[in-house]
């Protein structure tokens, strides 16, 4: 029953397989550490990556060790329980409160489900809890230099949390805020020497700022070192990035000349065409005399941007005052600032622009392959080469490495892809224009394929375009260049979000108005749901509300001069709010601002903070607000709530573990909310 992928396991499993095969991929949902942790378990289990992750419920073959695939999330989920216990103690509350918090986490059905499968929420929760526990252990232990090991562990855990999912950034920022307040108090402590204060501040900055940054970069270093083979996501990256991978573009560009020379045959890829690659293109079709809007055109040959490899993507670099279309011996490289002409390889038309409005972007100039119709429209086909990423003013134009702008000499307009698609007469290809008002990031063109031309005649040249020139050139890209490019792509290239049957809004999570069906047995009523313990979720929500009301009352009374709590108790109360209420807010509020498909499991990190909040808050109430009979009543109520938590956990266990199989009536009885999607077969 457990030997098949569940819900998002089919998503993460694809990346695990790519790691096993060392094939490059990019995932816009987060950094690579989480995927590497899952892949590590798969590696220890001998998984070779040969499994097609295309269907929930597809049977794993006997060669796949399912236990190892799910090992790391299960270990992290299990270790989170003692971590909550220890974290409660570091917040200066009793062992009884720590036990209560640990029990709430232990009996939370949704966390158990998420920990049992190849998913990342349990890993994220573990590292966040470890970061706060380690920092508080450092902060509370003031008499030992060994405590800086705890500070280092806290910084490393923060880096790990961010490396698993970008949502870890918010918990990291919260921890930095808490550490900043503690450091500010330290600076104001006159009983500590200046030297000791300086050493403490430097150590905190190194462990909580430098170490997380270095480790975050290190995760990507491992990621890029492991994934050195071409894969399905190559097209998202630049030509130079693709050429650094084994296979794919590197196979095509191997042995190409490095320097672009006069007479070179090149394909030009637009850097603004992400995520779909696009090459400067022309073909034997003219712009219509008049567009549907009534505007006229030059009726010259169309120039477009085409998203596929094609022989019509080839252009020849020509020197304006010479007729030769071949590379001289020795080759004369094109340098930054040189003026060139671009000749289309298959039609011999010159790349041209003029004061005619572009078809889809009338504010910009039309770009065409020049045809002399013997009318008052002279050729304007001179282009100035500007190497944007040059290191020197005389730098030559290099294959793959150089990002160039082509500036129209007559009008100073810049060649670019507009982003608009042409109508049917333009074969739905992308529009290319020359524009004077431009954004710098949308102008680059990169030479991707490159040959030294040797044929002057058109027929011979057409045949030559199919045979590459081989000159051994080392064209490596540095790790930092790959790291920065990958960061930019992960932050800017987003997959299209689509509606999902089990997607939900953040406000629905607090009252658990939704659930997710992770697995259904094909022939019985056995099933697994991501559904929480209703009693625990109620306790968590009430704890949040109670803390906010209590904090408001305390603050108002303190403002009026009434101190209801000793300083030590007030400090514990504030620390509890910073960690638990602050942790909930930073892990919940950002989802209210996100425009993406969200699921119930996104709430689990925030839920853990609320589960941690309840027992210490009860201890605070029992110790400082009640006495006598009310205390005994509260103790009885707490025992009743804990019993209810356990009974609710037992009740929903069949939906947590998928066993035992329940009847249709039993499943219907578990539908405590009308919005829950619980399926069953009547027999």
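Quick reminder: no glycine exception, Cβ is built from N, Cα and C everywhere.
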According to TrEMBL, which of these ranges is transmembrane segment: 197-222, 223-248?
197-222
Range annotated as transmembrane segment in TrEMBL, from 93-112, 253-272:
93-112
Ranked first among 119-138, 150-176, 569-593, 599-618 for CB pairs under 8 angstroms with the transmembrane segment (93-112):
599-618
With an 8 Å cut-off on Cβ pairs and a sequence gap of 6 or more, do the transmembrane segment (119-138) and the transmembrane segment (535-557) reach 3 or more such pairs?
no
Sort the residues of the domain 'MIR' (331-388) into helix, strand and coil with DSSP and give the three counts.
0 helix, 26 strand, 32 coil
Non-local residues, at least 6 beyond the ends, that sit with Cβ under 8 Å of the transmembrane segment (65-87):
2-3, 13, 16, 37-38, 40-42, 44-47, 98-99, 101-102, 105-106, 111-112, 114-120, 122-123, 125-127, 129-130, 132-133, 136, 579, 608, 611-612
Criterion met for the transmembrane segment (569-593) and the transmembrane segment (150-176) (at least three Cβ pairs under 8 Å):
yes
What residues in the same chain, six or more past the boundaries of the transmembrane segment (150-176), come closer than 8 Å to it by Cβ-Cβ distance?
29-34, 37, 120, 123-124, 127-128, 130-132, 134-135, 137-138, 141, 203-204, 207-209, 211-216, 219, 578-579, 582-583, 586-587, 590, 602, 605
Given a Cβ distance threshold of under 8 angstroms, which distant residues of the chain, six or more beyond its ends, lie next to the transmembrane segment (535-557)?
104, 107-108, 510-512, 564-565, 570, 573, 576-577, 580-581, 584, 607, 610-611, 613-614, 617, 641, 644-645, 647-648
